[in-house]
Structures are given as C-alpha cells and as structure tokens.
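Visitor: Questions regarding the structure given below will be posed in turn.
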Amino acid sequence: MDKTLKLYNSITRTIDIFTPRKGNEVKMYICGPTVYDSSHIGHARTYVMFDVIRRVLSDYLKYNVRFVMNITDIDDKIIARANETGASMEEVTRKYTEEFFEDMKTLNVRSPSFVTFVTSYVDKIVKFIEKLEANGLAYESRGSVYFDLNSYQQRYSYPLFKSKDGINSEGDENKDKRSPCDFVLWKRSKENEPRYESKWGHGRPGWHIECSVMSSDILGEDLDIHAGGVDLAFPHHENEIAQCQAYFMQEPWVKCFLHTGHLNISGLKMSKSLKNFTTIKEALKTISPRQLRVLFLHHQWNKDMNYEKEHLKFAETIEKKIFNFMSVAESMRKNALAFETLENADREVLRELGNVQEAVHAALLDNVDTPAVMKRIVEMINFTNARIKTISPSTVLVVKDYIKEITDVLGLSEEERQESPGEDLIAQLLSNFRESIREMARRKEPYSKFLEKCDWIRESIKDYGYIIEDNSEGSILRKK
C-alpha cells in the first residue's frame with residue numbers, strides 16, 4: 001500500500017511529502033493548554049483534528065507515533081486567575097487540568113504518550129537558558145534573560161511565521177531589551193508571584209522556552225511533527241524554533257509544522273480575549289461528542305471553520321445516517337453465510353466499494369482530507385441502502401466492516417454511549433413493559449394481546465428518540 005502522505009507544512013507554506021527522519025518512528029509534539037480556564041470548542045477542534053492525524057499515522061499507515069503534550073501550569077493568566085478567585089495557583093491548575101482531560105476523554109481524544117508539566121521542568125529550563133547564554137544567543141538584563149534575536153539571525157534563518165510588524169513585545173519592558181524583537185526566556189519574579197532559583201536571581205520561565213525544553217527532553221534534538229493552533233504560530237512557535245536551533249546549533253529543528261485553522265463565530269475568531277467562546281461542556285449540551293467530531297471532520301483541518309447552528313443539525317443528520325446503517329448491517333450478521341451466490345446487485349455494490357476504498361485512501365494521503373473521506377463514506381451508505389433489499393447480508397457486512405475500519409481511524413467510535421436526560425425514563429419504560437409481559441404470560445392471555453403490547457412499546461419509545469423496525473431478519477432498534 002502506498003504510504004506517501006502529504007501534509008500542509010506551515011514552514012514551507014506548501015503541501016509536502018511527509019517522511020519521518022528515522023524509519024517507521026514519528027516524533028510528534030503538540031502544545032497543550034494553559035490551565036487557567038475551561039477549554040472552548042476552538043480548543044476541541046484543534047485536539048480532535050490532531051487526534052485524527054495521529055490515528056491516520058498510527059492506525060492507518062502503521063507508523064510508531066510518540067506523541068507528547070505539555071501542560072502550561074506557570075503563566076501570567078494563571079497568576080491572575082488565582083488572584084481573582086483567592087485560590088492558590090496549584091488549586092487553579094489542578095482544577096482546569098483535570099477538566100481538560102475529562103473533556104478530551106469525552107471527545108474520544110487519545111491520551112498522549114507523555115504529558116509534561118512546566119513546574120516539573122524548571123531546573124532543566126534554567127540549564128537550557130544557560131547554554132543559550134553561553135552560545136552568545138541570550139543575555140541577562142535586570143534579573144530577566146532575553147533571547148538575542150539579532151545574534152541569532154546572523155547564524156540561522158528567521159522568521160518563519162512573521163506577524164505584520166515582526167515585533168514580539170508580549171508585554172515585556174522594551175527598556176530592558178537590546179531590541180524590541182527580543183523575547184523573554186526567564187522572567188524576574190515580582191512580589192507575590194511564584195519564584196524559582198537561578199544564577200540570575202529568583203524568577204520563572206518565559207512562555208516559549210517551556211515547550212522547547214519539554215519537547216526536546218522527551219523526543220530529542222529534532223521533531224518530525226510539531227502541532228498546534230494557528231494562533232500560536234507567531235510568536236510562540238516561531239520562538240520555539242529559534243530557541244531549539246540555537247541550542248542544538250543545527251536546523252531545521254522541526255521537519256513539518258502543522259496548524260489548525262481558526263474556529264469562527266459570526267465571522268470572528270472564537271477566543272477568550274474576545275469573550276465569544278463556548279466551552280466544550282456548554283457545546284455538548286446541544287450536540288453529542290461524536291456529532292461534534294463529525295462536524296469537525298467536514299472541515300479541512302488547516303482551514304478556518306465557521307461554527308453555526310445549522311452546521312450542528314447537519315452533523316447530527318450525518319452521524320445518525322452512518323451509525324443507523326452500521327446498526328442495521330450488524331443485525332444481519334446472524335443470517336450472513338460464508339458461501340453465498342453473488343447476484344448482479346452484489347457485484348455492483350462491491351465494485352462501488354472498491355472505488356470508494358481507492359478514493360478514501362487517496363483522500364487520507366492528500367493532507368488528511370477528511371471532508372472528502374466523509375463524502376465518500378456517506379455516498380457508499382446511500383448506494384448500499386438503495387440496494388439493501390436485493391443484496392446478500394454478507395455484501396452489506398463487507399461494506400459495514402470497511403466503513404467501521406475508516407470511522408475507527410477517524411475516531412468515530414461505534415460504541416459511543418449517547419447519554420440523554422431521558423435514559424432513566426427509558427429504563428423505567430422497559431422495566432414496566434417486561435413486568436406487563438410477565439403478568440400477561442401468567443394469565444395466559446391470547447397471542448393478540450402480546451402483539452398489542454409490543455406495538456405499545458414501539459410507539460412509546462419514539463418519544464425518547466428511538467425507532468423499533470421489523471424486517472424479515474427480525475427487529476432492530478435505531479435512533480430517529
């Protein structure tokens with residue numbers, strides 16, 4: 001099978017052929033959250049879509065992926081939140097770290113191979129900065145340490161994801177810098193801020209240095225893939241590249257940089273600073289985790305995406321189509337025979353399946369084109385459904401098993417439990433139905449009464465979003 005994967009590389013601004021540096025091993029790093037608040041659906045999109053890319057690499061293309069994520073648990077925003085709430089920094093970061101991973105589990109995002117916390121890496125961060133200083137690429141000023149961009153540019157290529165003005169102040173005091181574009185590696189501590197010892201005095205790590213140190217500690221001096229949201233491209237990712245190339249004295253540090261596009265609401269980027277964000281938990285009150293993933297899959301991962309109400313309904317419709325088909329197909333398994341005569345309709349469906357398999361494979365290799373994959377999957381379901389009464393159960397199951405293979409790669413779990421407020425009522429309804437049937441059997445009531453009761457349960461369960469369908473193979477339960 002051709003494994004020539006092409007990915008949009010933010011460094012080259014082109015779709016490049018991806019080949020790991022070392023055999024079958026892929027070293028992949030993603031910037032995790034700064035844990036001072038609840039994650040929003042913009043974050044959800046980033047982590048879900050990189051979960052999909054990771055699954056394509058590991059499950060579909062069979063690469064051995066080492067996937068590292070950091071947690072930023074020292075930051076100005078965390079300090080501000082602790083001061084606002086009266087909680088300690090540890091209480092703030094613990095709360096939102098736990099909430100983040102709960103959200104990721106709900107969204108069926110696989111756990112990283114390794115998770116790193118900044119607070120556990122301060123000593124290594126200090127040593128990393130000391131080497132940059134020794135290499136002549138960092139300098140101390142009034143207890144803080146800055147990256148010397150002018151010195152760096154004389155040796156290495158920079159910038160890569162340049163902003164409009166190229167200035168990276170990040171709120172630092174320019175009077176302490178040699179150049180306004182220099183960025184902080186070590187911040188001197190102010191009163192009532194967390195502080196760690198260093199040869200420059202008490203301070204704490206700057207934002208960018210954290211990821212450089214943690215990624216290289218786990219994955220070594222170079223990466224195959226670095227991933228994150230496009231809002232981190234400048235200055236964060238650009239500065240990461242500069243730090244690592246200066247430290248290891250080689251380039252390129254990252255082979256392929258991947259950035260998800262912005263998630264927009266009413267044409268505006270969703271962000272906490274604009275106060276137009278919807279948390280993941282709030283979003284999941286109106287759409288299931290699987291439906292949210294379906295919605296994301298219908299948009300190319302590296303393009304901007306609009307989040308609109310009508311899109312939620314579309315995702316719900318597509319999700320039900322896929323998993324209702326899987327449910328109906330699975331109900332046929334008991335009647336599928338290993339040796340069946342193929343009719344023309346069976347051959348037609350299997351021929352179309354072959355075309356779809358080729359198209360899906362090509363789409364996955366072409367920058368992980370999930371919209372094209374979803375389109376072909378739905379078309380295959382429609383094609384099969386139109387002939388389902390004239391083809392054998394075995395043919396239906398061949399289609400179903402392939403669709404399950406691909407939906408598994410996309411992270412659409414067939415076993416996802418769809419919780420709803422009516423679940424307890426459904427359980428009570430079925431309990432009452434069972435008790436009624438037992439009582440009717442004890443009274444030896446006529447056969448027609450049992451059929452009436454079966455019709456009653458079929459009508460009653462519709463109120464909770466389920467349909468019981470009878471066919472020649474028996475009865476199946478599916479969602480409306």
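A Cβ is built for glycine as well, from the same backbone N, Cα and C atoms used for every other residue.
Note that the coordinates shown come from a computational prediction; the quantities given were computed from them, not determined experimentally.
Relevant sequence annotations retrieved from Swiss-Prot are reproduced here:
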BINDING   Cys31, Cys211, His236, Glu240  Zn(2+) binding site
BINDING   Lys272  ATP binding site
MOTIF     33-43  motif ''HIGH' region'
MOTIF     269-273  motif ''KMSKS' region'
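Situate these features within the shown structure.
Guide: The 10 Å shell around the Cβ of His236 (Zn(2+) binding site) contains 21 further Cβ atoms across the protein chains shown. Following the DSSP three-state reduction, the secondary structure of His236 (Zn(2+) binding site) is helix.
Sequence-distant neighbours of the motif ''HIGH' region' (33-43) (same chain, 6+ residues past either end, Cβ-Cβ under 8 Å): 71-73, 75, 77-78, 80-81, 92-93, 95-97, 99-100, 103, 229, 262-263, 269-272, 277-281, 283, 292, 307.
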Visitor: Taking the centroid of the Cβ atoms of Cys31, Cys211, His236, Glu240 as the Zn(2+) site, which other residues of that chain lie with their Cβ within 8 Å of it, listed in sequence order?
Guide: Trp207, His208, Glu210, Ser212, His226, Gly228, Leu232, His237, Asn239
Visitor: Considering the binding-site residues Cys31, Cys211, which residue's Cβ sits among the greatest number of other Cβ atoms within 10 Å?
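Guide: The largest 10 Å Cβ neighbour count belongs to Cys211.
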Visitor: Which three-state DSSP class does Cys211 (Zn(2+) binding site) fall into?
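Guide: The three-state answer is helix.
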Visitor: List the helix, strand and coil residue totals of the motif ''HIGH' region' (33-43) as derived from DSSP.
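Guide: Summed by class, the stretch gives 3 helix, 2 strand, 6 coil.
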